[in-house]
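Scroll down for the structure; my scribbles are underneath it.
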Amino acid sequence: MDTGIWPESESFRDDGMGKFPSRWKGICQEGNRFNRSHCNRKIIGARWYIKGYEAEFGKLSPSDGVEFLSPRDAVGHGTHTSSTASGAEVKNANFRGLAQGIARGGAPSSWLAIYKVCWATGGCSSADLLAAIDDAIFDGVDIISASLGSPPPLSTYVDDALAIGSFHAVARGISVVCSAGNTGPYPQTVINTAPWVMTVAASTIDRDFPAVITLGNNQTVVGQSFYTGRGLNKFHPIVYGADIAATNIDGTSAGSCDLETLNATLARGKVILCFQSRWQRSAAIASKSVLELKGAGVIFAQFPTKDVSCPWSFPCVQVDFEAGTSLLTYMAASRKPVVKFSFSKTVIGQQLAPEIAYFSSRGPSSLSPSVLKPDIAAPGVDILASWSPAASSKLLNSPQTKASPFNFKLDSGTSMACPHISGIVALLKGIHPKWSPAAIKSALVTTASMKDEYGQNTVAEGAPHKQADPFDYGGGNVDPNKALDPGLIYDIKPSDYVCFLYAMGYNSTAIRLMTRVHTPCHKSVKFLRNLNLPSITLPELKQRMTVSRTVTNVGPVNSIYVARIQAPAGIDVSVEPWILTFNSTTKKLKFKVTFCSQLKVQGRYSFGNLYWEDGIHVVRIPVVVRIVINNHLYSET
């Protein structure tokens, strides 16, 4: 579910692909520059949806060349996510010489069906999304990958189109994977929080793109850049944006190189040093501002992050505040300060990874805080995947770069993380075809890793960086191989989700309209904490509380699991029973976990883990608890 596809991309070749399954009912819907021949044994379905968009946003005209009334992708986003999830192997893939190597999707032997529900304007209609999910269910898909969503405030589950559509998909055994949002690192910003979907946070990988800035005194500063064009190999004068402010412009605005804040005469031919501000956080805006004034390049100083936000088509190097400040010191000490840039290059293995990306939205859920979100983290920073040449031709151009359309692009976002999980779900579904969406999510969450590649606790980028917790990455960073054999799973029936909606306090008429089923349920808030999720979240622990979970053995028939608790700070935790014995007749067992507060003061969230271990498997679920005194919940300002 995205902006369409560029079917000519090498990622969508059908070499070696078998005939699609006989149950498949999908179609190849024709339209502008897209006909049936663009589908093959890889792309076995393609549809596009415009009626809801035009009813909501007005008529969309493709005559200006920025959009196609067809499944063809004019944006690039849908092509990128599709190839990440399912793309065939492509040799010598690269973005303007960077990140060169073999690219392939997570499940390259899977079939791909495209449902274009979002358009180049950025609009996605709820009616179109519901129609697409309806068609996808009818067509016979196994997984829905949806790198889309709306920022808070979140609509109720009985009003949200993605929650409603995904409920019906999950009820029919279709896994739905969604992005967590890009408004981090702030708490309560996570989106797509329904318990029946998988919500994916973004993490970094151990690849970076260093560019060296050489000063006139031969000292060097290292930043990151995607620029590989011309005009870098000679020295240029460097000035600080605040020192060349346009008339009647304050130094703060000019210091961040906001649009129309710099003196054109003083900026021409120079490298401008810009500092991120509270009001202007974008290296892309700074680059556009300097480009319009015929400046030579930009050095953009900002908070530390692995995500490269500098545009690829203009000389721009991203540095942290410490490096930016050292450049200011050099400029103050030099009569004629000058700098030159090296070309950006690709370096692998020198970045600690994974870390949770700064932009990745954080929990707790603002709609249902008893449901831990996000569920899991996957790579979402500077990800190389296929792109739409139609989109690349519209990107920022400059005299230093003769831009020709490109077929691969580096991009960042939880949108990029989501299809990593979608591909992994396809692999799991291929090996365990009878597992429910809840079972697959459980396998991913309970086997996820909390460590980086050196065995240290995962870090979450932020202000400041900190040790990652479940609100950053749910169960942790995905570990696909371990998820194949999780040992135990926490399964959920669709009827339990209906009871969850009743426990949320929603009107019974609204629930029946949403679910189309009548399920007898009690409106008990206890059900919220007892929903059989692969996590335990207690947003309001007063004194003592007991929750229950049921696990299903999917490992060796005769297995004995022993509980181990890593208790949240200030909480006593006990498990009953603390030994689970499975055999040929006992495949499911229920256990209870009791929490008791040691503290008599209002507490923030604290985190722990509950483990079940049998000597082979380590089945871990995150535990999140907040102490509440006298029924008061104080918001932190």
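Glycine is no exception: its Cβ is also placed from the backbone N, Cα and C atoms.
According to TrEMBL:
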{"type": "ACT_SITE", "residues": "Asp2", "note": "active site, charge relay system"}
{"type": "DOMAIN", "residues": "70-453", "note": "domain 'Peptidase S8/S53'"}
{"type": "ACT_SITE", "residues": "His77", "note": "active site, charge relay system"}
{"type": "ACT_SITE", "residues": "Ser415", "note": "active site, charge relay system"}
{"type": "DOMAIN", "residues": "530-625", "note": "domain 'Subtilisin-like protease fibronectin type-III'"}
How many Å separate the Cα atoms of His77 (active site, charge relay system) and Ser415 (active site, charge relay system)?
8
In the predicted model, what is the mean pLDDT computed over the domain 'Peptidase S8/S53' (70-453)?
94
Taking the Cβ of Asp2 (active site, charge relay system) as reference, which residues of that chain separated by at least 6 in sequence fall under 8 Å from it?
Asp73, His77, Gly78, Thr81, Ser82, Ile114, Tyr115, Lys116, Val117, Cys118, Ser145, Ala146, Ser147, Leu148
Using a 10 Å radius around its CB, how many other CB atoms surround Ser415 (active site, charge relay system)?
28
What counts of helix, strand and coil residues does DSSP assign across the domain 'Subtilisin-like protease fibronectin type-III' (530-625)?
1 helix, 61 strand, 34 coil
